[in-house]
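Following: one structure in structure tokens, then a few remarks.
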Amino acid sequence: PMREHIYVALKELWTDKGVQSAMSRKSEFYVPDCAQHFLDSLDRINDPNYIPTTQDILFLRVATMGVIEVRFQIKEKIWRVFDVGGQRSQRKKWIHCFDDVRALIFVTAMSEFDQ
């Protein structure tokens, strides 16, 4: 569990009318998708026997730093998939990934269509 003063501060923050008002307008500024899920789940997460749910794991966000390559084979074809960091500082690291590209799949969060 988290330290008691942190837990209490987060609970107070989350129940604050100003914070709730801001969350109702979250499309106007950046709020991570996971914020509401985890703040709504504070009691469960703070339980000493807490075990992350599938939903908790899916809501985690870890920024990709650099280039991560995964190779796999389907029938006779070998596929190489690259997960690249999208932050401006990371873009120079993945330009070489476009050598001999035959397909490009761009993945983005559906929840960020208006951001």
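A Cβ is built for glycine as well, from the same backbone N, Cα and C atoms used for every other residue.
Annotation source TrEMBL lists GTP binding site at Leu58, Phe59, Leu60, Arg61, Val62, Ala63, Thr64, Asp83, Val84, Gly85, Gly86, Gln87. Annotation source TrEMBL lists Mg(2+) binding site at Thr64.
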Open item on the list: I'd like the number of other C-beta atoms within 10 A of the C-beta of Leu60 (GTP binding site), please.
Closed with: 9
TODO: Taking the Cβ of Val62 (GTP binding site) as the reference point, list residues of the same chain whose Cβ is under 8 angstroms away and which are at least six residues distant in sequence.
DONE: none
Open item on the list: Name the residue among the binding-site residues Leu58, Val84 whose Cβ has the smallest number of other Cβ atoms within 10 Å.
Closed with: Leu58
